[in-house]
Amino acid sequence: MELQYALELVGTFVFAISGALAVREKEHDLFGAGFTGFITAIGGGTLRDILLDSYPLVWIGDIHFLYAILLGVVAAFIFPNLLSRLRKTFFLFDTLGIGFFTVLGVEKALSLGVRPEIAAIMGMFSAVMGGVIRDTLTNDIPILFRKEIYASACLAGAVIYLVLSYLGLERSYNLLISMSIIISIRLIAMKYKLSLPRLD
Amino acid sequence: MELQYALELVGTFVFAISGALAVREKEHDLFGAGFTGFITAIGGGTLRDILLDSYPLVWIGDIHFLYAILLGVVAAFIFPNLLSRLRKTFFLFDTLGIGFFTVLGVEKALSLGVRPEIAAIMGMFSAVMGGVIRDTLTNDIPILFRKEIYASACLAGAVIYLVLSYLGLERSYNLLISMSIIISIRLIAMKYKLSLPRLD
Amino acid sequence: MELQYALELVGTFVFAISGALAVREKEHDLFGAGFTGFITAIGGGTLRDILLDSYPLVWIGDIHFLYAILLGVVAAFIFPNLLSRLRKTFFLFDTLGIGFFTVLGVEKALSLGVRPEIAAIMGMFSAVMGGVIRDTLTNDIPILFRKEIYASACLAGAVIYLVLSYLGLERSYNLLISMSIIISIRLIAMKYKLSLPRLD
């Protein structure tokens, strides 16, 4: 459990950095970039918890998340060029992050007593809605609607976690397998520029 | 009551179809279209219930709504051309839908103990905010702000429902009359391209 | 306390006017302008209270706020040119408003038992998120992300309020000082076109 908590803080830190850097080419000042990092980091979990009436919200009940975000934003301020050059590394961290937060989101929803179908949606929301809210606020087409396979990878991983859990697989194995599937789908889709068919 | 429940599911199904089809000309993949259908179908009621602190949210407490949405999205995937050619039929269903969901939204808000003025706003929100959230996410000007009379028809119908209810009219008559007024305003406004004056 | 309540209603009235006038150059009809005024006036406090699970929402529990908004919207309808010519006066009222609502938001959050760091964020949200939601719905770049110092002034004032409160300053002095600082930062930034550095 301690490892999981540490990973949640690290994931929040990474999401805050990538959120703050996401507006580099825009007109944002430092405050706007920090705000964007904040929204990216907390948006998904906040939406999940509001939909499920689970209070206090994680970042309101535990101040460490706010400090993880502040650290991430400050890092983005001090080392923007370094961090931007590490774009590939960051993409990897971000992908690890969405895998991790998807599965944790599924587990949290289940622990609040909802049906597995709902838990799968909540897992996906935890991982991707921070970015969706960020993109909406900054007038971008949300990443969800762009061509790359992104939220659908999370949804697939969430469903697999639920199926394996139903089949009785031990939690730690299940976490690793489901996360790996999300991460693999995303990496393979990016590498080979795969995308889902369009509606036409 | 059984009829009402069936109509709510059908309305959700129709809203999901029109939401999924709304992004046809955009860059959305199948997942994005499905997500858009989902948001359109649940957005208004979800916002209403969060504002009124009414939990569990309808689609989280009753899984049938999620299946109605899935059915609608799948229908939009399989028969997009057929459904697009039925545009006029759909416009009619959508108009029936906003009339129906407005009045149900007013009733739900009243049952939670708020004042009639607030209930009228909640009725309108139930009907139109799913489309507003959808349009905002997809970077369109929300339908609410476009020229056609849309949300204002819902608000007018909500107020009429409240007045007739205050005057003691029996519920089923009131439902029919208020819905008919919303639907009539909307259809007449579309046919004769009526719009409210602008602020200038 | 009576003075504070009266000021809250006046502030809501002013926010509704500036929200309704904000869409003058757009395609909005009267309903859209009224809706925009409504969102601007209630958005920030509503988001704060949803995040903090504080129900009923202020404008749902006390109908006077809705009437203050209606009055503001009607005023914007009847006197748009007069009010637009008073732009400078309005800018001043709006600046007074964000100072006032920031400090009240901090106090409300503290009274609900959150940590001061969270209360500072909630104070800023109370003041600025109504405008952010408005700008997002109307497809503008939210004011938060534009060059002028705006939300950062609120955050600075919120932090100063908390520090002075921690140091034991009497509430009414603290309110006046913190509000004055927010208002001064904003006015000076506008006059000398100051802005925070960008991330680059």
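Quick reminder: no glycine exception, Cβ is built from N, Cα and C everywhere.
Packing against the transmembrane segment (A:6-23) from elsewhere in the chain are residues 32-34, 36-42, 64-65, 68-73, 75-77, 80, 83-84, 90, 93-94, 96-97, 100-101, 104, 130-131, 134, 138: each is 6 or more residues past its ends and has a CB under 8 Å from a CB in it. The transmembrane segment annotation in TrEMBL covers A:6-23 (among others).
The domain 'Glycine transporter' annotation in TrEMBL covers A:6-79 (among others).
Under the heading transmembrane segment, TrEMBL lists A:30-51 (among others). Here the transmembrane segment (A:30-51) has long-range neighbours at 12-13, 15-24, 57-59, 65, 68-69, 72-73, 76-77, 101, 105, 108-109, 122, 125-134, 137-138, meaning same-chain residues at least 6 beyond its ends whose C-beta is under 8 angstroms from one of its own.
Look at TrEMBL and you will find A:63-83 (among others) tagged as transmembrane segment.
Per TrEMBL, transmembrane segment is recorded for A:90-106 (among others). Residues 4, 7-8, 11, 14-15, 17-18, 21, 44-45, 48, 83, 119-120, 122-128, 150, 153-154, 157-158, 161-162, 175, 178-180, 182-183, 186-187, 190 of the same chain lie 6 or more positions beyond the ends of the transmembrane segment (A:90-106) yet place their CB under 8 Å from a CB of it.
Marked as domain 'Glycine transporter' by TrEMBL: A:92-164 (among others).
Taken from TrEMBL, the feature transmembrane segment applies to A:149-167 (among others).
The transmembrane segment annotation in TrEMBL covers A:173-189 (among others).
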Legend entry - Remote residues contacting the transmembrane segment (A:63-83) - C-beta distance under 8 A, at least 6 residues beyond either end: 8-10, 12-17, 19-21, 24, 30, 33-34, 37-38, 41-42, 90
Inset, instruction - Count the residues of the domain 'Glycine transporter' (A:92-164) that DSSP assigns to helix (H, G, I), to strand (E, B) and to coil, and report the three numbers in that order. - result: 59 helix, 1 strand, 13 coil
